[in-house]
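J.: According to TrEMBL, the feature domain 'DUF1468' maps to 10-145. Look at TrEMBL and you will find 12-29, 41-59, 79-108, 120-140 tagged as transmembrane segment.
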């Protein structure tokens, strides 16, 4: 068999590896039974299902029916903008709080887009701050700094 879709092949391989990794780590937790699930039960089976899905995607990449395509070259600049934004979020969360950290995350990661506009980035930042506040602060009452330490004292 020949790989016709490199994208599907790489995706399937990634699903398999992540699924096996999830299941492997989940084994370190108590499994329990289907009737009385332990903390490792759901992640273990979720990993197995993900790995099986990966096998299906990988198998489909070799099908004669799939379109022939190739992996694109990695855009390192875009990758670094996104990874940098996530690292910056983690570093700024405690001193600046969630509101400003999410705002910075969105603004910095928006720089990765080839269609970047300040208006779009600001709109996305405001919307994500509101959604984050609603979901994490008011929805599940997550204990984290919401506002900067220099404001709340």
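Glycine too: its Cβ is placed from the backbone N, Cα and C atoms.
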J.: Averaging the per-residue pLDDT over the domain 'DUF1468' (10-145), what integer do you get?
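T.: It averages 90.
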J.: For the domain 'DUF1468' (10-145), DSSP counts of helix, strand and coil?
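T.: Helix, strand, coil within the domain 'DUF1468' (10-145): 94 helix, 3 strand, 39 coil.
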